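Structure first, commentary second.
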Amino acid sequence: MFSSILLAIFPIFLGTVQALTAPVVARQSTANSCPIVWTEISTTLTQLFLAEGQCTDAARAAIRAAFHDCFNGACDGSLILANECSNTENRGLVRLCDSLGSLARDKGVGVADLIQFAAAHAIRTCPGGPAVPVSIGRKDSNVASPMGILPSPFAPATALIDLFASKGFSVTELVALIGAHSTARQFSVNASLSGAPLDSSPGRWDTQFYAETKSGRAPFTLPADKALAESSAGSELFELFAESRAAWASAFVPAMVKLSVMGVYGDLVDCSEALPGGTWSRKVRREADGDRREHSPKQVGGLL
Ligand SMILES: *[C@@H]1O[C@H](CO)[C@@H](O)[C@H](O)[C@H]1NC(C)=O
């Protein structure tokens, strides 16, 4: 079921059960600095995630993997360490899981941390992608999370909304997260259209997913995304995010951070500086470029 969507589903997620059930939540430590190994890892991930100025299938898989590691339990690396990747609901992730598992071993870092770092890196690597703060210090687990919790690509809007609410995510957070389908392709929801993107620019992080899903112009639309776009709770949010990249980013970034620490407790170390574009000047330049693309009709037209 849900598995089918290669990367894409991830956006729907979740978050926060832990905030509801535990008094102690993950907190950022200011005492420690990010280990230099994360800068080396970042260099390796850029080679995997960026090709010809666009983000790659591996980047798409990394974004989806972050959701799949966390939403059915905690962000604990069990996606890889308990081989959840071989489950049908994670179809399409095996190669990425192998790559990240090897990289974690080679570099001596935690798998749960690497999965979340890779997702933040991938989002940043997709042209137009926001800087999502990422921290390190999760505990790994080799105990598999239950199957059947991840959202189905065929879910009705009310089921999606209820599922996310049960994990502590609002409708706004749900709709913001699902925008990660901006860079997604589907492989098995309709196998005869395997590889079909969910918007016309799957190599870029942009708002076309919202506009095209709402209008029915996307190359492929998941039934669940269509249902959410047409629902009374989701419709206006699709319109808002289609119109405003800034509104989407300001909803997406905190929702993604929340997702990335589901079920995570204790002190974490901020490693955002190890992400690409992590220096102030590069960040500003990239954002300026993104704004130009977003607001220039000529350049936007060129993308279509
Ligand atoms: C898959 O897509 C093809 C081509 O658009 C369509 O004819 C077919 O009905 C679709 N199958 C399903 C199960 O939706």
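Glycine residues also receive a Cβ, built from the backbone N, Cα and C atoms like all the rest.
Annotation source TrEMBL lists Ca(2+) 1 binding site at Asp69, Asp76, Ser78. In three-state terms derived from DSSP, Asp76 (Ca(2+) 1 binding site) belongs to neither a helical nor a strand segment and is classed as coil.
Under a cutoff of 8 A between CB atoms, and with a sequence separation of 6+ in the same chain, the neighbours of Ser182 (Ca(2+) 2 binding site) are Cys126, Leu198, Asp199, Ser201, Pro202, Arg204, Trp205, Asp206, Thr207, Gln208, Phe209. Look at TrEMBL and you will find Ser182, Asp199, Asp206 tagged as Ca(2+) 2 binding site.
Here TrEMBL flags 284-304 as region 'Disordered'.
Under the heading signal peptide, TrEMBL lists 1-19.
Marked as site 'Transition state stabilizer' by TrEMBL: Arg64. Every protein chain shown contributes to the tally, and the Cβ of Arg64 (site 'Transition state stabilizer') ends up with 28 other Cβ atoms within 10 Å.
Each of the binding-site residues Asp69, Asp76, Asp199, Asp206 was assessed for Cβ neighbours inside 10 Å, and the highest tally belongs to Asp69. In three-state terms derived from DSSP, Asp69 (Ca(2+) 1 binding site) belongs to a helical segment. A Cα-Cα distance of 14 Å separates Ser78 (Ca(2+) 1 binding site) from Arg64 (site 'Transition state stabilizer').
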